[in-house]
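For 42-266, the entry in TrEMBL reads domain 'Cytochrome c assembly protein'. As annotated by TrEMBL, transmembrane segment applies to 12-30, 42-62, 68-85, 97-115, 127-149, 181-199, 215-232, 244-263.
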Amino acid sequence: MLSPAASLGPSAWLLPWAALAALAYGAAMVWPRTHQSHPPRLLLLAAWCLHLASIACGLLLAVPTFGFGPALSITGWLAFTVYAIEYQVLPRLPPQRWLLAVAAASALLGALYPGPPLPDRHSLWMATHMALGISSYGLFAAAVFHGWLMRRAEKRMRSASALDAGDDLPLLALERLTFRFAQAGFVLLTATLIAGLLFRDTVYGQAWAWRHKEVFSTLAWMTFAALLLARWRMGLRGKKAVRILNAGAILLLLAYVGSRFVMEVILA
């Protein structure tokens, strides 16, 4: 006989935390721009904690679940965390309130689509593999975000609003941050693929095969490798570099989130 806790679906436990996180993100997003007091910072801290609670709840249930929703939720939380830390260290980094909307949406998606139960053979290797993969997602999300900031700064420098760009972070600093995040994400993605290749049978009970996830992950890895190699050997930068970065990020998104979305939503 199922206990009351077990009879409730995962969303019943995750949705309250995610909804509160989304409300806190939304309140901070619409807070008057001229207000200089501390409530927005407290709201952001509350949203960050509530979002983390919704993620932890899904992973700490009696039967842990994981799918495309939690993957997006953790990616959104990591991207917001990176930006919040940067904003404290680099005051000239322009505030981006739309990032709060993205974080709120990712929190809700994680609760509404918690995914299937994790395999019973979950182990330290599975936890390591998942942590490496999701961390690489977060770092590449940060790289894409900074690439967008870089392109926007470049356009402003060439437009009539160039005089208004003096308060923003310098273009070269944004470019340096973009590639640092891409490099860190590439290292973690490489470690993820190696771990999957060596320990997939132990972790998932399946031998390595060229499935949808493996194909797109490898294509993403090759795209990022080409980007970083071109940056190192030829000094690749600007619009072309950002386009390659975005292409790799799309391939990486399709690798896990795309395949899980098809299985959990379209084919469910």
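For all residues, glycine too, the Cβ spot is worked out from N, Cα and C.
Where the annotation comes from TrEMBL, it is an automatic prediction and has not been curated.
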Per Cβ pairs under 8 Å, the stretch of 12-30, 181-199, 215-232, 244-263 packing most closely against the transmembrane segment (68-85): 244-263
Among the ranges 12-30, 42-62, 97-115, 215-232, 244-263, the one whose Cβ pairs under 8 Å to the transmembrane segment (181-199) are most numerous: 215-232
Long-range Cβ neighbours of the transmembrane segment (12-30) (under 8 Å; 6 or more residues past either end): 40, 43-44, 46-47, 50-51, 53-54, 57-58, 61, 73, 97, 100-101, 103-105, 107-108, 110-112, 114
